[in-house]
Amino acid sequence: MAGGGFGNEGGNLKRAHLYEYKITNYFIFACLVAATGGSLFGYDLGVSGGVTSMDDFLKEFFPKIYRRKQAHLHETDYCKYDNQLLTLFTSSLYFAGLVSTFGASYVTRNKGRRASILVGAVSFFLGGAINAGAVNITMLIIGRILLGAGIGFGNQAVPLYLSEMAPAKHRGAVNQLFQFTTCMGILIANLINYKTDKIHKWGWRLSLGLATVPATLMFVGGLALPETPNSLVEQGRLEEAKRVLVKVRGTPNVDAEFADLIEASEAARAIKHPFRNLLQRKNRPQLVLGALGIPAFQQLTGMNSILFYAPILFQTLGFGSGASLISSVLTSGMLVLATLVSMALVDRFGRRAFFLEAGFEMFCYMIAVAITLAFKFGEGETLPKAIGWFLVVIICLFVFAYGRSWGPLGWLVPSELFPLETRSAGQSMVVCVNLLFTALIAQCFLVSLCHLKYGIFLLFAGLIFIMSSFIFFLLPETKRVPIEEVYLLWKDHWFWKKYVEDDDEKDIKKPTT
């Protein structure tokens, strides 16, 4: 079996043993350039929380919050930053990304992964430029919407691009380049915030405006990117697809892999309505796991709440503005380190092992934070420094666990699960669900912190227990399985095989016309 507590690395696979490849400079260049798309998402995750904690930014756009903050400057207060307009500044980007991903699905399927990468870069550049020059909240929100559209297109195309370009044996590490550049974007944004916080009056503008740098790199690099062989075959450009495949794999012996691409493409062309096809019974595993469960649970770990609002969260815990930004740099540095660990080991130990081991750790850390705050955190009181730094350490350990599990695998695993005929639609669902829950968490975290107090961390702990059980019982191991043969795993899974086998039987019984 390939699920529950049992593993199978694809005993039924067809031509996987015939695949040949070498790691070529051309392949490395393509993957590194495409992976810069993650830096857009990461830079925004990192920069938003820092900017919304800067006094100059608050004085210009949210003066009421600034006055409330000054009144409780050295106090712990769960409700210090509770303001729906402030959280709308953060979450509007993710609502925009949610909507744009459906347009990105059409572009990705019909025009290619590269086209979506370029569109995303242009939109993100425009959003960064508008935010840097904003003189009112309306301009801020318009800029955020354009940034969101850029992230919607980028997050739609980049994980697919990396998974399709990578040989099966190294797909986990290659796909996690997306998460690595996301984490580097977060770290760089926090370092920039730490410096610009000291540039009074306009430092926040520099933080927001520098979003144009990763967008420019992504656009310029994208112009030189090859399209993936999978996408070229899907568009009917077979000769070009084989040329790219030979160049990417570094060997002319690609007939077996190319034959699998042709078969997958023929199935894909028969599907006129991929979103509707995704709802069919035979695609239930991909729908439940890849399109809905994993991207939703990735946000419900509580991690993005910490990333969005790390500076605010640490200020709420009694740290000063500078100290809170340093703490944010520390947590984002842990995220980068964790991603490197995952990249090095995920293709060796597998996806399930990382999900489950880290899930146990994350559960324990959230309980520890909740208990500490319940006993030591009083409204209007100063938090002892020792307790404050204990919380920073626990949060860093939580970030390290997330950064090697739900962070990278939340993008890697869904990109592996969908067959070619529903891959673009499936990835749209992944991005849509991910951004929906990202936006909801962004919009609700501060108000929840205000009303639930330490209970919000108990809520996240409960959700982590549920999602770990979800993975344990329902996700098969996909390491080293060729992407066009992952669908065969469902036939050996203790739960999913009844959906796939029942559908196969129906297809056999259908009369031919």
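For all residues, glycine too, the Cβ spot is worked out from N, Cα and C.
TrEMBL annotations: computationally assigned, not manually curated.
According to TrEMBL, the protein carries these features:
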- 23-43: transmembrane segment (TRANSMEM)
- 30-479: domain 'Major facilitator superfamily (MFS) profile' (DOMAIN)
- 85-108: transmembrane segment (TRANSMEM)
- 115-135: transmembrane segment (TRANSMEM)
- 174-192: transmembrane segment (TRANSMEM)
- 204-225: transmembrane segment (TRANSMEM)
- 287-310: transmembrane segment (TRANSMEM)
- 322-346: transmembrane segment (TRANSMEM)
- 353-375: transmembrane segment (TRANSMEM)
- 387-407: transmembrane segment (TRANSMEM)
- 428-448: transmembrane segment (TRANSMEM)
- 454-475: transmembrane segment (TRANSMEM)
* Asked: Under an 8 Å Cβ to Cβ limit, what residues of the same chain, 6 or more beyond the ends of the transmembrane segment (85-108), are close to it?
  -> 44, 48-49, 52, 61-62, 65, 115-116, 119-120, 123, 137, 140-141, 144-149, 151-153, 155-157, 160, 231, 274-275, 308, 424-425, 427-428, 431-432, 435-436, 438-440, 442-447
* Can you tell me the mean pLDDT for the domain 'Major facilitator superfamily (MFS) profile' (30-479)? -> 85
* Asked: Per the 3+ Cβ pairs under 8 Å rule, pairs at least 6 apart in sequence, do the transmembrane segment (322-346) and the transmembrane segment (387-407) touch?
  -> yes
* the transmembrane segment (454-475) vs the transmembrane segment (353-375): 3 or more CB pairs under 8 Å -> yes
* Can you tell me which of 23-43, 174-192, 204-225 gets the most C-beta pairs within less than 8 Å of the transmembrane segment (387-407)? => 174-192
* Asked: Sequence-remote contacts (6 or more beyond its ends) of the transmembrane segment (428-448), Cβ cut-off under 8 Å?
  -> 81-84, 86-88, 90-95, 97-98, 101-102, 104-105, 108, 148, 151-152, 155-156, 159, 275, 278, 287, 290-292, 294-296, 298-300, 302, 304-305, 308-309, 312, 410-411, 414-415, 456, 459
* With Cβ distances under 8 Å as the criterion, find the stretch in 23-43, 115-135, 174-192, 353-375 that has the most pairs with the transmembrane segment (204-225). => 115-135
* Are the transmembrane segment (174-192) and the transmembrane segment (23-43) close enough that 3 or more Cβ pairs fall under 8 Å, when only pairs 6 or more apart in sequence count? -> yes
* List, by number or range, the same-chain residues at least 6 past the transmembrane segment (353-375) whose CB is under 8 A from its CB atoms? -> 301-302, 342, 345-346, 387, 390-391, 394-395, 397-398, 401-402, 404-406, 409, 453-455, 457-458, 460-461, 464-465, 467-468, 471-472, 475
